[in-house]
Each structure stands twice: as C-alpha cells, then as structure tokens.
C-alpha cells in the first residue's frame with residue numbers, strides 16, 4: 001500500500017534529520033561539551049539541544065526547537081536564508097566597491113539599482129546593454145518566481161530522480177570540489193557556514209536600516225564613519241529620532 005501524505009511528510013522530516021546528523025569526534029562545536037553561547041557562564045542547555053547539529057550553542061529561551069519537526073524545518077530555513085544572505089551581502093557591497101575603483105556600470109547603490117527599471121531607458125544588468133535589458137517589473141517578477149520556484153522544487157524533491165536524501169546538504173553534483181568527502185572537515189564547514197550565514201543575515205538587516213536612515217550604501221556609510229566617527233555613527237543617527245529634536 002502507498003503511504004499517505006502525512007506519513008510521507010513525517011518520513012521526509014525524519015530522513016532529513018538522519019541525513020544531517022554529524023559524526024565528529026573531539027570537535028569543540030559538537031556534543032555535550034561543545035562551545036556554548038556564553039562560554040563557561042552558560043547555563044544548562046535544554047535537553048533537546050544535544051550538540052548534534054552545527055550551530056547549536058545550547059540557547060533556545062523561546063523553546064522554538066522543542067518540537068523535532070519544527071526544529072528540522074527551522075534548521076532548513078535558517079541554512080537556506082543564511083546562504084541567500086551571504087550572497088545578498090556580497091551583492092550589496094561588491095558593486096559599490098567596483099564603483100569606487102572606477103568601474104562604471106550604472107547605479108552602484110544596492111537599494112537604488114532596481115528602481116532604474118522604471119526609468120525611460122529601463123535597467124541594464126551590470127550596466128551592460130548586451131546582457132539583460134529589463135523594462136518591465138512584472139516580467140522580472142514573473143521570471144524570478146519561475147526560476148526560484150524551479151530551483152526550490154528541484155531541491156526539495158531531491159533532484160530529478162529523487163536521489164538527493166538531504167535537501168540542506170545535497171552533495172553530489174552540488175559539491176564539485178568534493179568538500180564533503182572528509183566527514184570531519186565537512187562537519188567543521190557546516191559550522192563555518194551557519195556562523196557566517198547568521199552574521200550575513202544581521203548584516204543585511206543593518207544594510208536595510210542604513211538605507212532607510214541615511215539613504216546611502218554600506219561602503220559609503222563606512223567611509224563617512226571613518227572620516228567623522230563622532231558625527232557618523234549609530235548613536236548619532238538614533239538621536240535624530242528623539243522627540244523634540
């Protein structure tokens with residue numbers, strides 16, 4: 001008999017958890033003696049945070065990881081968002097860096113670049129008319145939905161043949177450099193990825209706040225701060241919103 005949809009869902013969660021388990025002996029990032037969020041001053045972690053997965057510092061005051069299925073889903077969401085945040089942070093900084101070094105490709109500020117599609121000439125990807133010349137925001141939106149939907153569907157379904165057992169770390173053709181061949185090295189890379197991903201998500205949040213408050217990109221804000229650190233810093237900008245000022 002064929003399994004029901006709920007059974008398939010439970011099986012998929014269990015499979016992901018099993019496939020994502022890390023075998024790492026003596027690592028400071030895994031197991032009961034792993035590094036905790038407050039170091040030696042950390043309290044006893046919840047019983048369900050055993051140090052089995054990368055990035056587990058024993059901190060979950062809201063109990064978000066208490067349910068195994070919710071924990072598995074949240075872990076997947078965190079890793080995927082971390083990867084997009086790392087790409088996004090690089091995409092926010094790199095155009096500004098190029099522009100500051102004399103490369104001309106249109107608007108360098110990440111939050112202003114997209115608005116060029118509403119201009120009369122439209123938007124040239126990388127400032128090059130021979131690449132993609134976009135003139136319709138609806139067409140771009142539809143294309144993004146189709147492309148991203150196809151990629152996510154491919155990942156979640158396990159590839160065309162369903163041979164990928166772990167959508168978070170698929171391996172195979174997704175690992176052309178064979179970085180996952182050594183289990184110990186792979187376990188450490190998972191920790192590095194999630195740590196840098198969390199920093200990238202905070203960075204993206206900071207970029208959004210900077211854009212709203214200063215109307216400038218991250219490198220321009222950094223240059224302003226280095227030039228006048230007393231007048232250009234988070235505290236100085238925050239006090240501008242104090243009532244009566």
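Quick reminder: no glycine exception, Cβ is built from N, Cα and C everywhere.
In Swiss-Prot, the feature transmembrane segment is placed on 131-151, out of the ranges 131-151, 152-172, 173-193. The maximum pairwise C-alpha distance among 59, 65, 78, 198, the residues recorded as binding chlorophyll a 1, is 17 Å. In this structure, the binding-site residues under consideration are 192, 198, and the one with the smallest number of other Cβ atoms within 10 Å of its Cβ is 192. In terms of Cα distance, the binding-site residues that sit within 10 Å of residue 83 (chlorophyll b 2 binding site) are 193, 196, 198, chosen from 116, 193, 196, 198. Following the DSSP three-state reduction, the secondary structure of residue 198 (chlorophyll a 1 binding site) is helix.
For the binding-site residues listed here (37, 59, 241), the lowest count of other CB atoms within 10 A around the CB belongs to 241.
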